[in-house]
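Visitor: Copying in the features that TrEMBL gives for the protein in this structure:
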type     : residues            : note
BINDING  : D44, S45, D83, K112 : 3-methyl-2-oxobutanoate binding site
BINDING  : D44, D83, E114      : Mg(2+) binding site
ACT_SITE : E181                : active site, proton acceptor
Amino acid sequence: MREITPRKILEMKGREKIVMVTAYDYPSALIADRAGIDIIFIGDSLGMVIYGEQNTLNVSMEQMVYHTRAVSRGVKRALVLADMPFMSYEISVEEGMKNAARLIQAGADAIKIEGGYDHRKLVKKLVKSGIPVMGHTGLTPQRYLRLGGYRLMGETEEEIEEILRDAKALEKAGAFALVIEFTLADVARLVTEEVKIPTIGIGSGPYCDGQVLVWHDLLGLYENVPPFVKKYADLRDMIGLALEDYKNEVKEGKFPAPKHYWEFLDKDDFEKKKKKVLEQFLEDSDD
Ligand SMILES: Nc1nc(=O)c2c([nH]1)NC[C@@H]1CN(c3ccc(C(=O)N[C@@H](CCC(=O)O)C(=O)O)cc3)CN21
Ligand SMILES: CC(C)C(=O)C(=O)O
Ligand SMILES: [Mg+2]
């Protein structure tokens, strides 16, 4: 078992901020784990940042399983959390149970679903079966079509009520935490004060118990970043420059340099071997 457990995450509320980041492959997971990140999260945002889709609606269970397996192999300390993709849990509680189990068997320590109140029965049953669950309210990207795009949530009384209702339902059903995405900071603060489980914010201000960002956004590897992102590095430029260097050095004959290849030291020895091999080829071509 890994060091950071859902129980530890729960106990961090009010004591220490929780830091979560997405990762989608083995080398990224290794880096995130060594950096001391608390929760390494295989998000369905991989549909956009890894597969180049416009939204997250085309992500399959297979993709989530593959990426969860890769990430899982790189993590020793952090909690490994996997996202349930669109339509993997909406049809029935049974399908939700089966699909959650697949992610756990691929190496996740817990799963995340979008929504709260509407899925309280599933959450309760998952927790009862031993699968820790994180909820997700505010902007839930799997409602992309219904919402007409991604936008700030929690401005109206109805939206505030819905967000708080989700959070309370998740707490009651036994979820160990919830994501609050792209809501007004006051609403995220209200939710954080109203529930005993930690809130992990993205674009929802400083009052949450933790923060989550997408790997490609914070490292500067993605073009269309949401407006709430802080870029902590500009890896796109760094990678671009490295690739241009490589290209130029190959074109100019500077790479590979002597330390990157191996030659016969005894050239006479090689000449003898070469002669024999070429003679062999001449004989063979007579057949
Ligand atoms: N790379 C990435 N980072 C994310 O944080 C992220 C994803 N992908 N995919 C799933 C959701 C979608 N998220 C998003 C994406 C875009 C905006 C955004 O740009 N909002 C604009 C208006 C967009 C529009 O209506 O065209 C804004 O200014 O509010 C917000 C949240 C957050 N999540
Ligand atoms: C934006 C985060 C919370 C997410 O759900 C994802 O990356 O898929
Ligand atoms: Mg997601």
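Using the three backbone atoms N, Cα and C, a Cβ is placed for every residue, glycine included.
Since we're looking at a predicted model, the values are computed, not measured.
What's the neighbourhood like for each of these?
Guide: Mapped onto three states, the DSSP output places D44 (3-methyl-2-oxobutanoate binding site) in coil. A C-beta separation below 8 Å, combined with a sequence spacing of at least six in one chain, links D44 (3-methyl-2-oxobutanoate binding site) to T56, V59, M64, D83, M84, P85, F86, P141, Q142.
For E181 (active site, proton acceptor), the same-chain residues 6+ apart in sequence whose C-beta sits under 8 angstroms from its C-beta are H136, T137, G138, L139, T140, P141, M153, G201, I202, G203, S204.
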Visitor: For S45 (3-methyl-2-oxobutanoate binding site), just count the other CB atoms lying within 10 A of its CB, please.
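Guide: I count 22 other Cβ atoms within 10 Å of it.
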Visitor: Which of D83, E114 has the fewest nearby Cβ atoms, counting only those within 10 Å, among these binding-site residues?
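Guide: Counting other Cβ atoms within 10 Å of each of the binding-site residues D83, E114, the minimum falls on E114.
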Visitor: Do any of the binding-site residues D44, S45, D83, K112, E114 touch ligand 1, in the sense that the CB is under 6 Å from one of its atoms?
Guide: S45
